[in-house]
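Here's the structure we're looking at; comments come further down.
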Amino acid sequence: FGRMKPVIVVHGGAGRIFKEREEGSRAGVVRAALRGYDILKQGGSALDAVEEAVRSMEDDPHFNAGCGSVLNEKGEVEMDAIIMDGKTLDSGAVSAVKCIANPIKLARLVMEKTKHMLLTDRGARLFAQAMGIPETPGEKLITERSRERWRKNLEPDSNPEEFQKDLGTVGAVAIDSEGNVACATSTGGLSNKLIGRVGDTACIGSGGYADNHSGATSTTGHGESIMKVVLARLILYHMEQGLSPEMAADTALDYMKTRVGGLGGVIVVNNSGEWAARFSTKQMSWATVKDDQLHCGIYAGERHTKSVDEALIFESEGF
């Protein structure tokens, strides 16, 4: 029953990454992947690894999750997150949560401390208080960029659709040395969305899915399209039919594009440790670590590789 070689894959969102933000996005996914891998390397669980990787990106203002989330129509941050355990199919999610720094932590607590899978808005806030999670003033989560963008979208001739291109949902999937898989996804949603809008991220099977029998996936892109095809579960279905992670991802993304005109991106790991990072948008920042090798990219067909040791030195010196 040999021990599995652990693998982690992370994404920082599919869409269009503006030139001046590329470096930060790349550094952010690399840092998240290294942190998650460190946990796996020490024999930690896939669940802990994906939670830590996503938390790292929630704390990074380059991404649309946690600090740096986009604003809804009223200029507030409302966030969604999900985590799932491939061993038991247990999952925890929160939607439309405000004033907490790390929605992914709250999702994990929903999974472990309640009999439920999804808490929303006020109920999620009460639960966070009961769990002793400190409130973060809403302003603390708002970056100048998010506010700027919100203002632009309010202008009468604006087209929020145009601005949705750089979505920046974050996610992670992993397999640990025990062979358990897990996924985690977190987002601030769509800019200038209606109050109470919940996208794919908090929905099991859409924003993410993990099952030891096949693998784990986390998605990003146009939430309503992802929900229509239940994208995460669809990818695992294709893997159950014998497709490789890459083929399964491409097949599902292709279906979403032709059937509902939706674009997105996904990261996948199967139960034998093969991985993929695929997208139908212009770009998606992603990083993965397997066999002490770090791979990362943003553009289609782009892949940089270096050893983890090299990456860690790079990391400590700053990019």
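Glycine is treated like the rest: Cβ placed from N, Cα and C.
The feature active site, nucleophile is assigned by TrEMBL to Thr169. In the structure as shown, the Cβ atom of Thr169 (active site, nucleophile) sits within 10 Å of 33 other Cβ atoms.
The substrate binding site annotation in TrEMBL covers Arg197, Val198, Gly199, Asp200, Thr220, Gly221, His222, Gly223. Within 10 Å of the C-beta of Thr220 (substrate binding site) there are 32 other C-beta atoms, taking all protein chains into account.
Rounded to the nearest whole angstrom, the C-alpha distance between Thr220 (substrate binding site) and Thr169 (active site, nucleophile) is 6.
Gly223 (substrate binding site) and Thr169 (active site, nucleophile) have their C-alpha atoms 10 Å apart, to the nearest angstrom. Counted within 10 Å of its Cβ, the other Cβ atoms near Gly221 (substrate binding site) come to 27, all protein chains included. Pairwise Cα distances among Arg197, Val198, Gly199, Asp200, Thr220, Gly221, His222, Gly223, which the record gives as the binders of substrate, peak at 16 Å. Close to Val198 (substrate binding site) in the fold, though at least 6 residues off in sequence, lie Asp80, Ser95, Ala96, Thr120, Gly189, each with a CB less than 8 Å from its CB. Distance between Cα atoms for His222 (substrate binding site) and Thr169 (active site, nucleophile): 10 Å, as a whole number. If you count neighbouring Cβ atoms within 10 Å for each of the binding-site residues Arg197, His222, the highest count belongs to His222.
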